[in-house]
């Protein structure tokens with residue numbers, strides 16, 4: 001069979017992408033991922049006050065805006081520390097920031113699961129389902145973003161995190177309201193997603209116990225397994241995480257050996273024919289996201305799936321839904337430990353530094369997000385935003401194809417490749433900015 | 001304050017575009033009532049589009065009671081600035097939202113407004129949005145994708161020619177002949193796409209600050225030469241619902257108003273519906289009493305912050321921002337930025353990203369008001385309240401003068 005190129009539009013993601021598939025001998029040989037979209041947010045930040053990044057960068061993305069806010073505030077705080085100003089966040093400010101971030105990850109994972117993954121799997125397998133997936137997704141995400149808004153004022157696009165802390169000063173009643181909304185989400189997870197209590201779910205630590213998971217997640221795992229899809233979509237088995245959080249420590253994992261990372265070795269480069277820049281670490285490509293976090297932190301169940309299925313779509317999908325349970329569990333602790341009598345903010349609002357360089361990292365829904373800011377004469381002279389999807393969706397280099405591209409190569413149909421592509425939780429607005 | 005200044009403030013307050021008439025008299029409302037009644041009777045004869053679910057049935061399935069629904073209807077009637085006697089009509093209109101075809105397109109955006117829409121409130125408004133409104137096309141929410149989706153869009157435009165409301169999310173890049181933003185496998189530019197779909201729309205609703213005034217992409221130096229819908233689309237009624245994100249209540253309000261009356265709501269000179277943008281945030285702010293009492297947050301985390309004092313001194317732009325978020329709030333009315341001690345950033349005003357962006361106090365903000373500039377600090381504020389109000393109105397009017405010109409070209 002001759003080589004042929006087919007162009008396909010991918011929607012139902014944040015923005016849209018265009019994929020050019022090259023077929024050879026009936027299998028996909030290469031894929032070009034293009035985004036017909038550019039805003040120039042980094043250019044817009046140049047010449048502005050460093051704190052403007054707190055308002056502008058969340059607008060990079062409607063679905064991970066909060067992660068951008070936290071990365072931006074951390075970049076400023078890091079810059080201040082480098083310039084000799086002690087930050088000293090209170091435990092309260094830390095817990096509130098971690099909780100709101102967890103809420104954002106939760107709504108993302110559930111929306112991806114119900115609005116992208118399940119419908120596309122059903123489409124691929126030609127299953128007609130009576131389920132209203134969108135309704136389930138909105139119920140959960142509405143509830144958890146209400147809990148988020150108690151501390152952040154609104155979602156999307158809140159700006160309540162400031163250098164030295166947070167602006168909110170919740171009462172115990174606010175915390176209790178958030179707890180009750182969180183419990184609503186736990187109930188949804190237990191009754192609808194896994195049909196299994198959170199406690200029992202979290203005790204599952206090996207592939208042999210996966211049958212204990214029922215509900216929509218159980219159904220998905222069953223569909224992937226019984227349709228020979230469990231080993232599809234493998235990439236390079238290389239993972240990277242840049243931020244310390246309860247989900248994972250920073251580090252990189254090549255197959256199963258984990259070592260340290262430093263953002264200084266992150267390199268961005270322009271790609272031919274695309275507005276999205278590619279990213280590499282010491283000239284190598286890495287996958288970032290929940291699977292990377294699971295591998296770097298050696299989460300037992302993720303490791304067990306990896307042992308059986310490598311970095312396949314099965315392991316990748318599992319790692320993301322699994323994070324929902326981890327986030328719910330941790331959020332309970334974060335709320336319980338908020339001490340409302342601690343100060344919210346420890347820095348003077350008027351404190352202004354004229355020269356500094358700072359880096360902020362955060363574990364966003366789709367992986368590590370990095371903000372780097374360089375400030376001279378009181379204004380930003382350079383701002384770099386490196387988003388998770390730039391790692392996963394780059395075209396690659398002369399030596400290697402990109403992470404998602406590699407996972408799609410070898411597929412026998414566009415439908416198959418399309419589904420593999422979506423397991424990465426694609427976001428075009430972040431990738432292209 | 002000199003006589004001239006007082007005169008100019010008075011003039012600004014009484015300018016036609018800034019006036020919100022909440023009581024237009026019995027004759028007006030009686031005529032409107034009859035018009036709405038006739039409109040709803042006409043709509044009733046039409047079949048729901050695309051076999052959408054029955055509204056009351058879906059409400060019952062969600063376990064909501066008729067009383068909850070009526071409560072929502074009366075709150076919405078008040079929001080639309082209609083007399084309480086319109087409540088049954090509003091309720092009826094909500095039930096008939098499935099007669100209204102809506103096409104929603106995303107351009108140079110972050111999808112934040114779609115995200116906000118998903119979190120709209122009301123009696124499980126998710127139902128209204130996803131099941132009742134005939135959302136004929138929405139990239140993220142609809143079932144088909146790829147070529148199928150493109151076909152669905154073409155079919156909807158053809159089938160509902162002249163009848164659909166076109167919702168636009170995101171700004172329109174004009175640089176390099178519009179090639180900073182393209183859509184579909186044929187790489188149609190955002191400009192061409194918008195113009196083509198606007199041509200057959202009954203009206204165009206620009207949602208969010210990007211679609212209305214260019215938003216973040218249009219911030220200096222505006223790398224892609226981004227503009228809002230009203231700078232590109234001519235010869236069609238345009239409704240602007242700014243804010244970042246736009247408040248879903250206002251989106252539903254515009255839709256409901258259209259179903260109810262068959263016309264677009266009364267707009268200010270920036271083409272914003274007056275029911276939502278007729279007042280400043282400051283007018284209904286929960287911290288307003290502290291402003292009047294001269295009690296301010298001086299530093300985040302201070303005693304003032306703990307006591308929910310006014311945020312004016314830490315940069316709140318509420319006195320110059322027209323929006324109803326102090327009443328409607330966000331995320332099912334759970335909260336809003338001022339509720340968490342973060343001043344308003346003026347996200348529903350033109351150029352907020354360059355003028356108001358971070359929490360710099362208004363005194364240091366990059367704003368020049370026709371009343372002679374912004375006073376240095378609150379302490380030097382003199383007739384604080386009146387002046388602040390004047391500034392808000394002045395900025396509004398200055399921006400209106402520009403926008404007014406634009407709308408005349410239509």
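Heads up, the Cβ atoms here are built off N, Cα and C, so glycines get one too.
Within 10 Å of the Cβ of residue B:244 ([4Fe-4S] cluster 1 binding site) there are 27 other Cβ atoms, across all protein chains. Sequence annotations record features per position, and here TrEMBL assigns [4Fe-4S] cluster 1 binding site to B:110, B:210, B:244.
What TrEMBL records for B:110-257 is domain 'NADH:ubiquinone oxidoreductase-like 20kDa subunit'.
What TrEMBL records for B:277-357 is domain 'Cytochrome-c3 hydrogenase C-terminal'. Model confidence over the domain 'Cytochrome-c3 hydrogenase C-terminal' (B:277-357) is summarised by a mean pLDDT of 88.
The [4Fe-4S] cluster 2 binding site annotation in TrEMBL covers B:282, B:285, B:310, B:316.
Among the features that TrEMBL reports, [3Fe-4S] cluster binding site is placed at B:325, B:344, B:347. Same-chain residues at least 6 positions away in sequence with a Cβ under 8 Å from that of residue B:344 ([3Fe-4S] cluster binding site) are, in sequence order, B:281, B:311, B:316, B:317, B:318, B:321, B:337, B:338.
The closest partner of residue B:285 ([4Fe-4S] cluster 2 binding site) among the binding-site residues, by CA position, is B:347; the full candidate set was B:110, B:244, B:347. Fewest Cβ neighbours within 10 Å among the binding-site residues B:110, B:210, B:310: that distinction goes to B:310.
Residue density at residue B:347 ([3Fe-4S] cluster binding site): 27 other Cβ atoms are found within 10 A of its Cβ, drawing on all protein chains shown. Around residue B:325 ([3Fe-4S] cluster binding site), the same-chain residues at least 6 positions away in sequence with a Cβ under 8 Å from its Cβ are B:243, B:247, B:281, B:336. For chain A, the nearby binding-site residues by a Cβ gap under 8 A, listed in sequence order, are B:110, B:244, drawn from B:110, B:244, B:282, B:316. Taking B:282, B:310, B:347 as the binding-site residues under consideration, the smallest Cα distance to residue B:110 ([4Fe-4S] cluster 1 binding site) is found for B:347.
Across the fold, the C-alpha of residue B:244 ([4Fe-4S] cluster 1 binding site) and the C-alpha of residue B:282 ([4Fe-4S] cluster 2 binding site) stand 18 Å from each other. With respect to Cβ neighbours within 10 Å, the binding-site residues B:285, B:316 differ, and B:285 shows the lowest count. Annotation note: residue B:325 ([3Fe-4S] cluster binding site) sits in a helical segment as assigned by DSSP. Residue B:347 ([3Fe-4S] cluster binding site) falls outside any helix or strand according to DSSP and counts as coil.
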